[in-house]
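Since the structure comes first, as structure tokens, the remarks are kept for the end.
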Amino acid sequence: MNVTPALMLAAGFIALLAGVLGVVSWRRPNAPHLARMAGGAAWLSLLFVLGLWIARWIEAGHLPIFGTFESALSIAAAVLLIPTLFRFLDRIPASATPGACLVAAAVLFHGRLYDPTPYALTISERSWVVDIHAIVAWFAFGMLAVNAGYAAWLLLRKGNPGPARPLTGTLTAGFLLHSAMLATGSLYKFLLFGVAWSFDPIETLGFAAWCAYGTLLHMHLFAKWDGRKLAGWCLTIFVLLVVSYRGIVWFPVWSTYHIFDMDMRIHLTGSEQYEEGERVD
């Protein structure tokens, strides 16, 4: 099955429905049927996106890593999967799911606007370091999305204040995963270029996010930031992170070695190279 922009759009609308129903249920705690409907839509969204992600893996012959289209699908899958997994472990409450669904919807709507063509990997990209880096990055983003979703619930819900522990727990886990993402990315860059850091746009953004979330952890531990104050900052930083990260595609193609929507002709193989050459000639 080919994963098309139309399927991505459908997945985005399902995630959007789950998110909107969930947010409405925050404001109407006496209407439990809304929470049940939101939960059902969230499950449908997760299964649909995971199905598309697996189909894309089969179609491309590698993990959905490269291009804005593929990265959107992978990020959305992680954002929807993490709250579900941790709910089974009783570590993240269901209240974090609607916010995660809204993040997944936004990423899917954005990613579907870009080239859906699957590209082959170059030799250097067929590396376990690349796979580990990508998986850690997806889970880091997903954990921080859940953190933002729970922060939104703390800020918008009616009734008594919710527990702060899930907020600080997801913040800590997201920061540690983000640190691991930077470390594995630096390792791959060193293996590829002989330098571990260059402050290209994506590296600069990653470092800025690391500093921002590290500062929040510091303020929580030493200045006793908690509750709605910490939640407001978590949500603000995540919104800035999403807008900045997805905006990398507007940078010149030569400004970063990360594969988003840059010149991907080096990834064409076989008959594709021949056809590309004919078009250029």
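Cβ atoms here come from the backbone N, Cα and C positions, even for glycine.
Per TrEMBL, these features apply:
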DOMAIN    68-250  domain 'Cytochrome c assembly protein'
TRANSMEM  6-26  transmembrane segment
TRANSMEM  38-58  transmembrane segment
TRANSMEM  64-82  transmembrane segment
TRANSMEM  94-114  transmembrane segment
TRANSMEM  134-156  transmembrane segment
TRANSMEM  176-199  transmembrane segment
TRANSMEM  205-223  transmembrane segment
TRANSMEM  230-254  transmembrane segment
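Mean pLDDT across the domain 'Cytochrome c assembly protein' (68-250) comes to 89 in this model. Long-range contacts of the transmembrane segment (230-254) within the same chain, counting only residues at least 6 positions beyond its ends with a Cβ under 8 Å from a Cβ of the stretch, are 68, 103, 106-107, 110, 114, 141, 144-145, 147-148, 150-152, 154-155, 164, 167-168, 171, 201-202, 205, 209, 212-213, 216, 219-220, 260-263. In this chain, the transmembrane segment (205-223) does not touch the transmembrane segment (6-26); fewer than three CB pairs sit within less than 8 A of each other, excluding pairs fewer than 6 residues apart. Below 8 angstroms of C-beta separation, residues 23, 26-27, 63, 65, 74-75, 77-79, 81-83, 86, 92-93, 95-100, 102-104, 162, 164, 166-167, 170-171, 173-174, 177-178, 180-181, 184-185, 213, 227-228, 230-232, 234-235, 238-239, 241, 245 of the same chain, each at least six residues beyond the ends of the transmembrane segment (134-156), sit close to that stretch. Spatially, the transmembrane segment (176-199) is adjacent to the transmembrane segment (205-223); three or more Cβ-Cβ distances between them are under 8 Å for residues at least 6 apart in sequence.
Proximity of distant same-chain residues to the transmembrane segment (64-82), defined by a Cβ-Cβ separation under 8 Å and at least 6 residues beyond the stretch ends, is recorded for 3, 5, 8, 11, 15, 42, 45-46, 49-50, 52-53, 56-57, 92, 100-101, 103-104, 107-108, 110-119, 121, 125, 130, 134, 138-139, 141-143, 145-146, 246, 249, 259-261, 264, 267.
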